[in-house]
Amino acid sequence: MVKLIGKVLGRKYTLLVNNGFAISAALLMACSLQAGAFEMLIVGRFIMGVDGGIALSALPMYLNEISPKEIRGSLGQVTAIFICIGVFAGQVLGLPELLGKESTWPYLFGVIVVPALVQLVSLPFLPESPHYLLFEKHDQAGAKKAFQTFLGKEDVSREMEEVLIESRVQRNIQLVSVLELLRSPSVRWQVITVVVTMACYQLCGLNAIWFYTNSIFGKAGIPPEKIPYITLSTGGIETLAAIFSGLVIERLGRRPLLMGGFGLMALFFGILTITLTLQDHAPGIPYLSIICILAIIASFCSGPGGIPFILTGEFFQQSQRPAAFIIAGTVNWLSNFAVGLLFPFIQKSLDTYCFLVFAAICLAGAVYFYFVLPETKNRTHAEISQAFAKRNKTHPPDNTDPGTPEPR
């Protein structure tokens with residue numbers, strides 16, 4: 001849905017309209033118990049899935065397009081930071097003293113309405129993406145005003161010139177379709193890298209960690225009634241690691257954080273397999289399992305948790321970007337669906353050795369990024385295209401939009 005809605009409404013108004021899905025979902029789920037209709041809960045969950053799918057495509061695109069290239073990575077990490085804050089907030093609100101009781105769980109679902117209302121009230125005061133205004137609305141005055149608002153300065157001539165150079169070339173070029181993007185040889189490795197990155201993002205095993213967390217805490221001797229409070233540490237570690245990544249990404253770059261994150265996850269998954277296998281042999285081993293869980297979560301959020309969305313925006317020119325986010329979002333959610341569907345069978349068949357599957361995926365991802373992924377820090381879209389040109393066996397000329405069809 002993102003390409004169609006985004007073309008008509010733009011990035012900002014897509015996000016605004018999307019809040020209608022969140023509010024509808026919150027009302028359906030919050031009222032399901034009182035109405036005695038579990039169907040309302042299922043429909044509400046479905047609508048919330050639509051909201052999440054649109055948001056995780058439109059939001060990274062918007063952030064990428066409003067960011068100066070010097071802070072594009074840090075601002076892109078905001079998505080991951082607030083996902084982690086959302087997880088932590090859900091854990092806190094789900095405590096028995098708050099909304100985690102049989103009588104109050106509908107209100108926990110209803111809390112979804114709060115961030116939706118906050119965005120509905122605040123987002124109208126922010127400008128539309130200047131790239132969208134220039135490329136798709138041909139509104140130069142509006143784009144200049146948007147740049148001035150976002151950058152907080154009057155002189156935005158340099159930023160305008162960078163975008164205008166690209167805009168002049170693409171003025172008569174239509175948005176690229178998903179099929180055209182997949183067929184384009186000059187962005188072949190960018191598309192492959194986005195697919196690999198998004199697949200690793202979901203298949204790396206973090207969801208499996210949540211599946212195991214409570215049982216590992218229980219085997220460490222933590223009383224069941226205390227486990228929800230100990231689980232708060234996982235949400236806290238997530239948030240801190242994501243903030244750390246946002247602070248250092250412009251200094252270290254995307255490539256080291258992505259390779260290092262997946263490499264460390266593979267290492268700790270291997271150690272976790274050993275500790276889970278031997279946890280009955282010594283009283284202290286379950287605590288090593290807890291440390292491994294926290295280390296895996298921290299490794300994920302320090303790089304792999306947010307960078308895939310940043311790279312999708314950085315790899316492609318304006319006319320390609322909506323199609324690229326459709327591909328990225330589709331791979332992301334299909335991989336998420338696959339993990340949810342297959343993990344119970346993997347866990348039943350392999351027991352504690354199931355984590356070796358995820359270790360192999362993480363390791364394969366780190367190796368792929370080592371050999372294929374160029375550093376995109378502080379580079380323009382044209383420079384990133386040039387970095388992929390040799391591997392794509394193409395040589396896109398300067399100031400063109402590689403991989404797009406001829407002007408029509």
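Every residue, even glycine, has its Cβ placed from backbone N, Cα and C.
Residues or ranges marked as domain 'Major facilitator superfamily (MFS) profile' by TrEMBL: 1-377. The transmembrane segment annotation in TrEMBL covers 12-36, 42-63, 75-93, 105-126, 191-212, 227-249, 256-278, 284-311, 323-346, 352-373. Residues or ranges marked as region 'Disordered' in TrEMBL: 388-408.
Counted over residue pairs separated by six or more positions, the transmembrane segment (284-311) shares fewer than 3 Cβ pairs under 8 angstroms with the transmembrane segment (105-126), which leaves the two as not touching. In this chain, the transmembrane segment (191-212) does not touch the transmembrane segment (75-93); fewer than three CB pairs sit within less than 8 A of each other, excluding pairs fewer than 6 residues apart. Counted over residue pairs separated by six or more positions, the transmembrane segment (256-278) shares at least 3 Cβ pairs under 8 angstroms with the transmembrane segment (352-373), which defines the two as touching.
Relative to the transmembrane segment (323-346), the listed stretch 191-212 leads the set 105-126, 191-212, 227-249, 352-373 in CB pairs under 8 A.
Per-residue confidence over the domain 'Major facilitator superfamily (MFS) profile' (1-377) averages 87 (mean pLDDT, predicted model).
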